[in-house]
Amino acid sequence: MSAHQVDTVTHASADPDAAQPFKELGLKDDEYARIKEILGRRPTDAELAMYSVMWSEHCSYKSSKVHLGYFGKTTTDEMRANMLAGIGENAGVVDIGDGWAVTFKVESHNHPSYVEPYQGAATGVGGIVRDIMAMGARPIAVMDQLRFGAADAPDTRRVVDGVVRGVGGYGNSLGLPNIGGETVFDESYAGNPLVNALAAGVMRVEDLHLAFASGAGNKIILFGARTGLDGIGGVSVLASATFDDEGGDTGGRKKLPAVQVGDPFTEKVLIECCLDLYKAGLVVGIQDLGGAGLSCATSELAAAGDGGMHINLEKVPMRATGMTPAEVLSSESQERMCAVVTPENVDAFMEVCKKWDVLATDIGEVTDGEHLTISWHGETVVDVPPRTVAHEGPVYNRPVERPASQDALIANTTAGLKRPETDAELEATLLKMIASPALCSRKWITEQYDRYVRGNTVLAENADGGVIRIDEKTGRGIALSTDASGRYTALDPYTGAQLALAEAFRNVAVTGATPKAVSNCLNFGSPEDPGVMWQFQQAVRGLADGCATLGIPVTGGNVSFYNQTGSTAILPTPVVAVLGVIDDVHRRIPTGLGLEPGETLILLGDTHDEFDGSIWSQVEHGHLGGVPPKVDLAREQLLADILLASSRDGLVTAAHDLSEGGLAQAVVEAALAGETGCRILIPEGADPFVTLFSESSGRVLVAVPRTEETRFTGMCTARGLPWTRIGVVDEGSDSVEVQGHFSVTMAKLREAFEGTLPALFG
């Protein structure tokens, strides 16, 4: 076969022994053999491209499927009651009442964001937004979970600058508010940053759309941007293998394929075009084109339908000349959608696309057969059973083994680490902690994002959870939070995942919303490492068991493996997103103190001497070891119930969860947010260091008007929730005072808290 000859099905049958680069495409010997067994011949070049991308770790979940099934086993019918779409769809969809539905999901774009930080992050946002669009919803907000190497490491500035500009540039151009997230710096993410993007959308329940191709004769319409060479191999090579640590400081870039290139303005009109198409009832089924491009869209639509599909591949609008069928099928060019449309609606469909200046092309049709066939200028280059491509890839039950080093890690507690003893040392610890890259203000980052575009943002960064209004008439809204702790998960993956769930659940609750559903993005090292698979297995079980205890379902998510450079893996990082519902956003609870004169500060929950895995141990001693804080999910539920009742009855004027940095961090953030000072009272007999810096879970700082203090504390006592009167808001005060120990002016706190990131990256 010459270099210019197309490898057709006829040719593949006639030349069964032709050498094929299946290993270069990420397939193993036995996987290639299985493809030949399925087809009864060797695959064509185009078929090989399809199977390689769809059987990649990123698309097939071949190493995680056996563990992800645990989510289904632990989800009850009661938990599923309000779930309209779940695991397996483009994004989860939840019925939130009054005829409204919300769809949300978290996705990773980790490896591309190291190779090309701006485009990697930008297209990560664009991809997750299209997942939301594909469910029939209008996207309304985005969030992000970012993990970078040490803040002062040489390459971190390049990655941070590109990623932050990419997230902001794409999201801002779409007109979507970025309402929160997390940014973490840790040396384990050097060379392997995590860029996890969340998007949420809203629709009426009856507007739900799903990805399936049914009805023989229905047309397949590709619409959006033209197809180019960008992103080819993204899921089979870039997202499904580790970065090579050879080659000096290249990070293995020489072997990596092109990163996708995004155009947010094309996506912006694509959103409006899709919404018009939905409103007109012109769409039977729809799928966005993201990872694996047309290979994914065609095989998944056909596999979910009731027949087959035929595609005329040469009709695909291309922006590069000389593209091969394999390249067209593998391209991950952005801003593209694929719809199933009845023949009588094609003209109307095209008119809507023309109105929005969106390129649309009829590229094929649904057939009454059982195969997906694809032709190239009249010659068949693909003839496959679509389920074997989309859903019946290899499944590996990889070895799972608790690392031998785990015992030593757990035994290495913080018990022997020096603690501050004097008042001066306590003050110095506070200032060092809030100025550290681990805890300092993310204002330098978040100010690059538009948080209030569209006018429906109620709470955003620096609140614990973001809140968006979805119904102007009733005030109904949603709250979202994403959280993760790689440090705790490294110590105990089961507990670490539950701590992330507990914090995200609590962050939604402190806004006054009721937590309803969960999405996740599970970021781990190589699945070929039994120790990594043990971490993954334990984290999945911890998260699933935690959701079952709280009674909220996992609606979907993402797994990102191979997050390591050479043999060095990232900290295991299960990102958990929680969606909550608030019936009236006017009763949301803000973070800042001082809404009413002389508020009483009350600490909800118990404080213990828990410092293993804490930010204090990291900042002061560069230490990681021991046992993470205990998690009590029943207490988290009680705490959420108390906060909901307090919001409805107007009993609290501010609330802030306690997590990294403990009470000291929460007080500083709440005081600076409200631009008012306060006095903190160390309980009699309590250790000031433990009181200020413990990271015990299940705690919230609330500000209560003096007139409501008796009523509020009485409710807590009656419900069995521990509470401690911990301080008072001093109206007009210019300092935060820990009574009897030290006092720091607000100006000094703000300088320490807000000066770090601009100095590093500004």
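Numbering starts at 1 and runs along the chain as it is shown here.
Positions of Cβ are set from backbone N, Cα and C atoms, glycine also.
Together with Ser108, His109, Asn110, His111, Gln260, Glu332, Ser333, Gln334, Ser560, Swiss-Prot lists one candidate of Arg130, Arg587 for binding substrate, that being Arg130. Record check, Swiss-Prot: ATP site residues include Tyr61, Lys105, Asn520, and the candidate from Gly26, Gly477, Gly557 also listed there is Gly557. Secondary structure at Asn110 (substrate binding site), as computed by DSSP, is helix. Cα to Cα, Glu107 (Mg(2+) 1 binding site) and Glu332 (substrate binding site) are separated by 16 Å. Cα-Cα distances to Arg130 (substrate binding site) place Asp288 within 10 Å, out of the recorded positions His58, Tyr61, Asp288, Asn520, Gly557, Asn558. In the structure shown, the C-beta of Gln334 has more C-beta neighbours within 10 angstroms than that of any other entry among the binding-site residues Asn110, Gln334. Listed binding-site residues: Glu107, Asp131, Asp288, Glu332; maximum Cβ neighbour count within 10 Å falls on Glu332. Compute the center of the Cβ atoms of Tyr61, Lys105, Asn520, Gly557, which mark the site for ATP; besides them, the chain residues with Cβ within 8 Å of that center are Ile87, Val106, Glu107, Ser519, Cys521, Leu522, Val554, Gly556, Asn558, Val559. Just so you know, of the binding-site residues Ser108, Asn520, the Cβ with the fewest other Cβ atoms around it within 10 Å is the one at Ser108. Nearest to His58 (active site) in space, judged by Cα atoms and limited to the binding-site residues Lys105, Ser108, Asp131, Asn520, is Ser108. In the three-state DSSP scheme, Tyr61 (ATP binding site) is classed as coil.
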